[in-house]
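Before any comments, here is the structure.
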Amino acid sequence: MDAKDALLEGGPEPTRTEDGQEEEKMSLLQEKEIEEKKFVGPDDVLDELGAKNGYIVFIFLAMSFVWCLSAPHSVISAFINESDESHCTSNSTDCIPTISLRSEFTLYGEKASLAATSVSLFMVGDIFGGFALTALSDRYGRKPAVCTSILGLGVFGCLSAVAPNIYAFLVTRFLLGTFFSGSTLVNWVLSYECTPHSIRSFTTMLFGAMWVLGYCALAPLAYVLHDWRLIMAATAIPGIVVGITYALPLLLFCYCLSAVPRLARTESRVAEVRRGSGLSQGNLKTIQLKQWRHLL
């Protein structure tokens, strides 16, 4: 007679012995342990692939290089807004004075604040892009957001260099700031989500070093180029080249980039995750394809 029958007949519920309770606890613990072994999280998969996986190395190297290209756009206004004629004190006819944003568009008097407004609009665009592009990357994936941002950074940087007036320049600077978030923030998240624990600290150091490299490269560039349009073009053209190389459009790079496991939400994308992460019979080891479905 079990406990249910005893209760229906009005009798007392049979008590379980200590041995029975211990066996039940052990059974529950074993079931929990088996369930935990069945589940494979994104970090478990990345750790299993290891830091030497070709796709993983490609991702964090390529994304860190994008930080090097993005860094100059955040401080370029310090080199293009104001004129500098200090290098022409020798009264030499060979000296070429700096052509700045203020001197070319005659931003004096009532228009004096427009040069600084370009900095503010860039930051406003950065804030807007931080909200918009991160939401889009959560909805459609990191890869399209990053590839589009890299290309947009180069395109609008070049459009800034050929702006016919200050108002067109302000618009392009706002749009440049919008894509700046995607090429830095979303880019970093993509790289972080695709690297195992063992190299995440190294990835952080590499990203920081590449940012400083791009940041410091702007000063000698501005020293050589005395026209603000040339400086803008010099910082933007590499972005177009890299953007096209990474996108084509969004085909070559999106195929090479690992599909971020945290965003692969449907079972139909198991093959994409498996292919993009470099999973094959040779390196799957103990991770089975059916266990990937726990990630989706």
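A Cβ is built for glycine as well, from the same backbone N, Cα and C atoms used for every other residue.
TrEMBL annotations: computationally assigned, not manually curated.
Noted in TrEMBL for the protein shown:
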type	residues	note
COMPBIAS	15-25	compositional bias 'Basic and acidic residues'
DOMAIN	59-296	domain 'Major facilitator superfamily (MFS) profile'
REGION	1-25	region 'Disordered'
TRANSMEM	55-80	transmembrane segment
TRANSMEM	112-133	transmembrane segment
TRANSMEM	145-163	transmembrane segment
TRANSMEM	169-190	transmembrane segment
TRANSMEM	202-225	transmembrane segment
TRANSMEM	231-257	transmembrane segment
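Proximity of distant same-chain residues to the transmembrane segment (55-80), defined by a Cβ-Cβ separation under 8 Å and at least 6 residues beyond the stretch ends, is recorded for 46, 49, 100-101, 118-119, 122, 146, 150, 153, 157, 176, 180, 183-184, 187-188, 190-191, 194-196, 199, 203, 206-207, 209-215, 217-219, 221-222, 228, 231-232, 235, 238-239, 242, 246, 253, 256-258, 276-278.
Listed by sequence, the residues of this chain that lie at least six past the ends of the transmembrane segment (169-190) yet keep a Cβ under 8 A from its Cβ atoms are 59, 63, 66-67, 69-70, 73-74, 101, 105, 114, 117-118, 121-130, 132-134, 137, 142-143, 145-146, 148-150, 152-153, 156-157, 159-160, 163, 207, 239, 257, 260. Model confidence over the domain 'Major facilitator superfamily (MFS) profile' (59-296) stands at 77, taken as the mean pLDDT rounded to a whole number.
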